[in-house]
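Notes follow once the structure below has been shown.
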Amino acid sequence: MTTTPRYHHALLLVPLYVSLAWLGMWLAAKPPSSLTVVWLPSGIGLIMLLLAGRRGLPLVLLSSAIANAGGWLYFGGSWGTALLAGLLLAPFDSLQSWLAWRGCGAPRRLLHDVGGLQRFFWRVCLLPPLLTTWAMYLINHALGAPATAQGHLAGLAMMTSGDCLGLFVVTPLYLVLREVPWPRLAGLTLKIAALVALPLLLAQGMHPWLIWLLGLTLIYVAIRYRIVGSSIAVALLTLASLLLLLSELGPQLAYEHSLSYVALSLMILSVGLAPHCIGLVIQQLDDVNHTLEQRVAERTRALREVQKQLETMAYSDSLTGLGNRHAFYIRLQEEQERATRRGRRFALALLDIDHFKRINDSYGHQTGDEVLRAVAVLMQDSVRVIDRVYRWGGEEFMIIFPDAGADDAMVPLQRICQLIGMQPVTTAKGELYTSVSIGVTEFAGRHDAIDALLGRVDALLYQAKRDGRNRIAR
């Protein structure tokens, strides 16, 4: 049978389960009680199943058998009693872990929201111990374990609350801290430990009522560090409270000794639920905000794309991809203002494909479109990078030559005339020869209006046509 890394991790938890169980039994041997306040192995057993699934059940069974048998030997039981205790108690420990595992459902969703926290408390922390600890308590008593001074009911309550608290403390640590990098986890734990220790020290050193500052501290931790922080804080609070109880310090000692253990467990459960709720609510708000920010960003990107498309449609000619008449007017006005401000000049050329109507009538508009696209590409390839070519309308094109006079523009314009006249345009109907007539003028200075400039270049174009076409007039 093959094994997985997660199963190996669960296997590594066996010695941890046994060690924590024996530590709990050793602490339980300390006066004033014969039971421990928190049974951490209950949480470790659940983690084994979360890691390995049903294959983790034999590991929990083995761990519990070793732990309980060793515990009975430690308390002076015979080998026979110890082995019997291990065999009888291990199935119920395993059943408790299995019930808690089944109650988890999808672990990643368990502590994702407040509803998941409710399921976690009732189905994972409370119900499995309630269904199993009574049987384990009866087995221990039948094998000769002494009852507490307050009777069997108090002993059962202590055992149940200890298992419940073990699940409540250990499980969130595993679920949330497995997502946190270890360097961040170490620093975060130190910060939260200092925050939790402060009200406890104030309560012991100044006045007991200052212990209630602990509630404000836990709320702050939950707000600041979310569910990760509250999980660490509850674990540290459990450890600190246990140390105070063993030192016969702490407010829960107002109860009789056995009941003080139950009071401590219930106090940690109730105090721990509040910051968990706050942390999850704020975490949900963070998730909602993050989702909204993502949607806003997506909508913004979509709007920008639409805006670009609209700008392309507004300023571009859909057939040739050149700037349209609207884009031409904007650029011409900018060029006029720049030339006026700097005392520069620029040239303007108007080109017309000769006998284009004849092409449309003879070969169809689709062939005419192919000719327009081919002429547009040739013009763009024949001018400078800073020059701009526009479709003026129909078979007419405009070219703006920044920082150039009419004489300068003659060189690329003559090249355009020669190339169009010499190179046939390949169309679906075959190769076609065509030519262009061009009028070119230049900006005459600050008193040269745009309308006058356009009028001149238009007149020059018609002059080129009158002179026989396939030529440049200036």
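Cβ atoms here come from the backbone N, Cα and C positions, even for glycine.
Within the chain, the transmembrane segment (12-29) has long-range Cβ neighbours (under 8 A, six or more residues past its boundaries) at 35-41, 44-45, 47-48, 51, 59-60, 62-64, 66-68, 70-71, 74-75, 162, 242, 246. Look at TrEMBL and you will find 12-29 (among others) tagged as transmembrane segment.
Long-range neighbours of the transmembrane segment (35-52) within the same chain, counting only residues 6 or more positions beyond its ends whose Cβ lies under 8 Å from a Cβ of the stretch, are 4, 6-7, 9-10, 13, 16-17, 20-21, 24-25, 27-28, 59-60, 63-64, 67, 93-94, 96-98, 100-101, 104, 107, 124, 129, 148, 155, 158-159, 161-171, 174, 238, 241-242, 245, 258, 261, 264-265, 268. Per TrEMBL, transmembrane segment is recorded for 35-52 (among others).
Per TrEMBL, the feature transmembrane segment maps to 81-99 (among others).
Within the chain, the transmembrane segment (120-139) has long-range Cβ neighbours (under 8 A, six or more residues past its boundaries) at 42, 46, 85, 88-89, 92-93, 95-97, 99-100, 103-104, 110-111, 152, 155-156, 159-160, 163-164, 167-168, 171-172, 269, 273. Here TrEMBL flags 120-139 (among others) as transmembrane segment.
Per TrEMBL, transmembrane segment is recorded for 151-177 (among others). Tertiary proximity for the transmembrane segment (151-177) is limited to same-chain residues at least six positions away from its ends with a CB under 8 Å from its CB atoms, namely 24, 33-44, 46-47, 50, 96, 100, 104, 107-108, 110-111, 120-121, 124-126, 128-130, 132-134, 136-137, 141, 185, 227-228, 230-232, 234-235, 238, 258-259, 261-262, 265-266, 268-269, 272, 276.
The transmembrane segment feature in TrEMBL is assigned to 184-203 (among others).
Annotation source TrEMBL lists transmembrane segment at 234-255 (among others).
As annotated by TrEMBL, transmembrane segment applies to 261-282 (among others). Beyond its flanks by at least six residues, the transmembrane segment (261-282) meets 33, 35-38, 111-114, 116-117, 121, 125, 154, 157-158, 161-162, 164-165, 168-169, 172, 214-215, 218-219, 221-223, 225-231, 233-234, 237-238, 241-242, 245, 250, 252, 255 of its own chain at Cβ-Cβ distances under 8 Å.
The feature domain 'GGDEF' is assigned by TrEMBL to 344-474.
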Per-region confidence, the domain 'GGDEF' (344-474) (mean pLDDT, whole number): 93
Secondary structure content, the domain 'GGDEF' (344-474) (per DSSP, counts of residues): 60 helix, 36 strand, 35 coil
